[in-house]
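Noted in Swiss-Prot for the protein shown:
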type     : residues                     : note
TOPO_DOM : 1-229                        : topological domain 'Extracellular'
BINDING  : 8, 9, 10, 11, 12, 13, 14, 15 : NAD(+) binding site
CARBOHYD : 37                           : N-linked glycosylation site
CARBOHYD : 127                          : N-linked glycosylation site
BINDING  : 171                          : substrate binding site
CARBOHYD : 178                          : N-linked glycosylation site
ACT_SITE : 193                          : active site, proton acceptor
CARBOHYD : 229                          : N-linked glycosylation site
TRANSMEM : 230-250                      : transmembrane segment
TOPO_DOM : 251-334                      : topological domain 'Cytoplasmic'
């Protein structure tokens, strides 16, 4: 029986690279591309099938920044499949990034230059917005939409006799200082992306505590510093092109400078081959590239309090109840 792999954000960047790499290793997979843009998804499917004709590739339209779209897409997935072996929670946004050029140049000549390059801490803020669901856009897109997707797909994911895996695309930018249980959506702060990624790490721990006994395991990874549409929103592409030689040189000291989506997907592919029971839920697995261009995976212990993770999970469940009620009322106005 073909293994079924569902990937959100599969039409570009790391998600697209992941699709190609998985099929290159096992073209007997059934990939399901969960994408917002159907035309782009169809183009990706055609390209993948042209190079891997024995594979199966299907498409589900899904916008993780819309609860209605997630629920509708999940229903379509449940009609197509009886189980999911892997769910890659990869879609995400970094909207309206504000780059602090002064802090960047100061950082280059400081002892924190490596930390700055790998986390963007201190040089990057974002202007968030509110979705039609009344939630902060970064929070809903990067975390809550995926949480609802997991909840909707539980019947396909929870099989104690044959474990399924959740694999989240997180970030080194995930910082405890940018997250608060009193403001889980980071509506009052300047770094919603960092907050959403730390929330991802928390949820990963809570999901393992609550679902391992049901045969569902969760892991988080960091792709490193990758050139994608997301990073092109921070600086123009030509600036990144000028920075490439510096980044290649720095790889001898900073293995997080993976640069290409192919390299950035290394940990995603590595996790695909691991027995989920053997993985540490408190470890973030990071894609790394050596100065000589060799890809490998490193493990980093996360700064996570398990009780906080459980409290966050409970807050998400309460938010789910509230938001579902609101959406149902909008679907059926009196």
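Using N, Cα and C of the backbone, Cβ positions are placed for all residues, glycine too.
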Average pLDDT across the topological domain 'Cytoplasmic' (251-334), rounded to a whole number: 91
Sorted by sequence, non-8, 9, 10, 11, 12, 13, 14, 15 residues with Cβ within 8 Å of centre, NAD(+): 7, 16, 18, 35, 90, 91
Of the recorded positions listed as 37, 127, 178, 193, the one whose CA lies nearest the CA of residue 11 (NAD(+) binding site): 37
Residue pair the residue listed as 'active site, proton acceptor', residue 127 (N-linked glycosylation site) - Cα distance, angstrom, rounded: 10
Residues that sit under 8 angstroms from residue 10 (NAD(+) binding site) by C-beta distance, when 6+ apart in the chain: 16, 18, 19, 31, 33, 34, 35, 41, 44, 88, 90
For residue 127 (N-linked glycosylation site), the number of other Cβ atoms found within 10 Å of its own Cβ: 11
Cα-Cα distance linking residue 127 (N-linked glycosylation site) and residue 8 (NAD(+) binding site), given in Å to the nearest integer: 24
